[in-house]
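A quick write-up on the structure given underneath.
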Amino acid sequence: MSEYSTTGNNLDITKAIYHTTGMENTSVDAFYDDITEKPYQDLKDRTYFWLGVLSVTIIPLLFGGNFLVLLSLCIFRKLRSVQNLFIGCLASFDLLLSVMALPTYTVDFWFNDILMKYKYLCLFKYASVLFSLTGSLLSLLAIAVDRYIAILHPLQYPLKMTKGKARKVIIVIWTYTITVGIIPYFWHEEEELAKKCDFFEILPRIFVILSTFFVISAVLVVSTGLYIRIFQVATRQKLKMLNMKTRFHPTSRRQLEKDTKSASAMAIVLFFFVAFWFPFMVSGPLKYLDIEENIIEVIKSIAVFLAQSNSGINPFIYCYLKTEFAVAFKLILGRIRGKNKLNADASLSSSSKDRYKSRHIRDDSCLKGEINPVFQTSVRV
């Protein structure tokens with residue numbers, strides 16, 4: 001390492017001598033750039049190649065998982081609660097990320113020069129990420145508000161959170177998200193776009209701050225505060241029920257347990273969202289530090305790939321923590337494999353039944369008679 005540093009210092013001295021004497025220093029600059037930047041360029045190229053491979057690998061996973069969530073909501077009426085409508089909204093944005101943002105990033109990883117030639121492809125790359133990020137954030141916020149009302153105002157919940165109101169909220173989310181996704185096409189830095197396809201360079205700084213850092217921070221702070229309050233109230237209510245068993249109807253206890261468990265599942269979804277997107281948020285300011293440019297590009301690329309990977313986590317969380325989705329997934333996948341006819345009376349394996357019973361959750365009978373008539377032409381119930 002010391003030998004490399006000494007070489008660099010000697011080259012700096014040599015270049016200074018060339019400048020002071022007025023001699024041509026092109027060959028020295030070329031040699032200097034070659035030994036200092038090439039290792040980082042090789043690292044960047046290797047990183048981009050493997051990120052492209054990983055992107056191609058996870059695209060089917062992201063698409064399949066979120067498509068399964070949406071298909072379950074379409075087929076089974078029982079799943080179409082207010083909260084699950086918001087989950088469907090979240091799954092829609094995650095699915096669109098898998099068919100818009102990830103393929104574009106894969107092209108960028110493998111054929112970076114293409115984005116430099118077509119400016120709208122470069123803008124689409126970042127507009128699609130902003131679109132998915134904004135939609136996912138607002139969906140998570142809507143879910144947090146829904147759980148907050150369900151736990152803190154259970155008697156008013158049926159009136160405050162109807163399916164009609166939920167659909168209106170979803171329309172607002174989509175309207176705002178589409179607006180944010182369109183803005184980059186009309187508001188960007190033309191001069192910077194001609195030089196380099198970089199999110200933090202081609203988009204106006206005020207737009208980047210408002211659309212990413214401010215919105216992400218605000219939504220996460222509000223959502224986290226809501227979940228903290230939810231679990232405080234839920235814990236207090238559980239203690240009251242334990243101390244005064246005779247004054248609480250068993251149905252009330254079951255409903256509280258169900259709502260608390262549902263809130264826990266969505267809090268975990270929020271936690272993973274923060275964990276996966278946080279590196280992307282902190283990677284932007286790296287350009288203001290004294291770090292080699294290719295190293296920054298490697299860090300930002302890994303961070304954005306990690307953030308996009310978050311969209312594939314949620315279906316697994318639903319499957320593990322929300323039994324109605326687990327049952328729906330099992331029935332649909334069983335139908336695809338030809339093991340059942342997606343019949344509401346189809347039973348789970350004995351091991352699956354034991355698992356659900358041990359967790360005090362109903363088996364697939366919870367979906368009985370809840371098949372969408374639209375699907376009855378191809379699905380026998």
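The backbone N, Cα and C atoms fix where each Cβ goes, and this holds for glycine too.
Quick look at what TrEMBL lists:
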{"type": "DOMAIN", "residues": "65-318", "note": "domain 'G-protein coupled receptors family 1 profile'"}
{"type": "TRANSMEM", "residues": "48-73", "note": "transmembrane segment"}
{"type": "TRANSMEM", "residues": "85-106", "note": "transmembrane segment"}
{"type": "TRANSMEM", "residues": "126-149", "note": "transmembrane segment"}
{"type": "TRANSMEM", "residues": "169-187", "note": "transmembrane segment"}
{"type": "TRANSMEM", "residues": "207-231", "note": "transmembrane segment"}
{"type": "TRANSMEM", "residues": "263-282", "note": "transmembrane segment"}
{"type": "TRANSMEM", "residues": "315-333", "note": "transmembrane segment"}
Intrachain residues whose Cβ lies under 8 Å of the transmembrane segment (263-282), provided they are six or more past its termini: 83, 90, 133, 136, 140, 143-144, 147, 150-151, 212-213, 216, 220, 223-224, 227, 230-231, 234, 300, 302-304, 306-307, 309-310, 313-314, 317-318, 321-322
Rounded mean pLDDT for the residues that make up the domain 'G-protein coupled receptors family 1 profile' (65-318): 84
